[in-house]
Amino acid sequence: MSGACTAPALFLLLGCSALALGVGSGSPEHRDAEYYVAAVYEHRSVLSPNPLELSSRQKALELMKQNLDVYEQQVMAAAQKARAALSSCRRASCSEPGETPGSQGPPEKSGSPLLASPSVRGDYRILYLELPYMDPGWTQGVQIIVFPEDGIHGFNFTRTSIYPFLDFMPSPSLVKWNPCLEPFRFNDTEVLQRLSCMAMKGQMFLVANLGTKQPCLRSDPECPHDGRYQFNTNVVFSNNGTLVDRYRKHNLYFEAAFDTPANVDLITFDTPFAGKFGMFTCFDILFFDPTIRLLRDSEVKHIVYPTAWMNQLPLLAAIEIQKALATAFGVSVLAANIHHPTLGMTGSGIHTPLQSFWYHDMDNPDGHLIIAQVATNPQGLVGKENATSEMDPSHSKFLKIVSGDPYCEKDAQEVHCDEAAKWNMNAPPTFHSEMMYDNFTLVPVWGKEGYLQVCSNSLCCHLLYERPTLSKELYALGVFDGLHTVHGTYYIQVCALVKCGGLGFDTCGQEITEAQGLFDFHLWGNFSTSFIFPLFLTSGMTLDTPNQLGWENDHYFLRKSGLSSGLVTAALYGRLYERD
């Protein structure tokens, strides 16, 4: 399904695509514009039928051409859609500023059609939905598009079998080159040429992922035995087709076909419409280099993120970690995932700290294009009060607990004061269960309200909660403080409120996507790191946004009330990079 975690101002469905534009103003042609238009495409790639078998360059190009043809169709569709939708808005009776936008549900199921019936143009089915106010002066189409990792060549190659799929990659820092206009300057650059021409034809910045090769000398002590480096590479082209820069993936995920660069690429690129973007790939998101080092640059407000992510619930679904990055660091994330549901690979989105437009579909076999209007200077969530005050009863209670002061509660007759620690006199039993291949310590979450604490090593996690109604489901508060060693090795500290797969303790940590339980809660812990990703997933693989995040008395907390659907996961996922 696709959707938005705040009410979108405009949706346009075109084939397997969705457009979501927020209210904007200002001229998009200038750097000080308030918004820009971005697109990401979740691509169902044509894969090699036998990736272990060595093929010719010609056969490799024929396969990649099938994927590049789809890319070009999406570029041209994206180039036309924003203008078409805005033109429709001008013809229709769009609502005025300040009026309430339409449904928060998936675009396929929300709003009232402005047209009596969908129109069909060639292979595209166009459906216009109810539109709130749009700036009538806005004429800009998509300004940047992002395609997924492995979308052109595929995956599961050996070092030898991938070789025919690799383009030669000159260093953009040394060579200024427009592959579309100078196609014969370098050999084996057919894919780069095609991408360059797409960017020029669509008049937009274009980010894509491909395999590249770089010859090396025997005098280089790191030079592989076959005399070349092979890299998993992102490239970015400007709207005139010029190669702007490239990023070589640093944190490979069981990718025997590729080498790790000797030095970390810290790649940013400047745009005339939104300033500085950072760039990295898939598994990189969990590591200090390049992710955190890039985000330390205060001028980086936007991230382009090609990925080939296999969803792993309850903590590391694709859209879940994408949104968490945007929220934790106050940036926009343009994330394009590959679409192979049978492999658990789906989930793309355009995320800001306060808003997301996403796509996750395990049933539909087709690709999906998302277009959204994005703030050039995204508003952050971390550290904001977000209308919370100490007069709010639940937050006042949380502040009392976290400060260690006596807890006092007034009712109609008297004032009850007690030490917060005494709340656990009738604490539920502690148990252990495997979650994400780690041995979590958990306590069940019973009753309509309560306060729970569970500890592991140096990390103690706390939950203060109220439930408007009880559902016939088991929830648990879990903690893990240790080295994760399956499918990668890295140190994590996690506090997680999760729905269990059944009613037994041994089902806690299982992968589930549907839930009915509603909570108003504070979740917090005494984390030893400042790098904490707030994970928030609700029923039906939908996203939600915390009301408040921040530090209080050396504890990091997440506050949420008013869930719109059942809670699947609410977690604080801390990374201790120095202990990897």
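Glycine residues also receive a Cβ, built from the backbone N, Cα and C atoms like all the rest.
Bear in mind that the values here come from a model prediction, so they are computed numbers and not experimental data.
Within the listed segments 54-81, 250-277, 418-445, TrEMBL records coiled coil for the stretch 54-81. This prediction places the mean pLDDT of the domain 'CN hydrolase' (108-393) at 88. Cys282 (active site, nucleophile) sits 7 Å from Glu149 (active site, proton acceptor), taking the Cα positions as reference.
Listed in sequence order, Glu149, Phe231, Asn232, Thr233, Asn234, Glu255, Phe258, Phe280, Thr281, Cys282, Phe283, Asp284 are the same-chain residues six or more apart from Lys249 (active site, proton donor) with CB atoms under 8 A from its CB.
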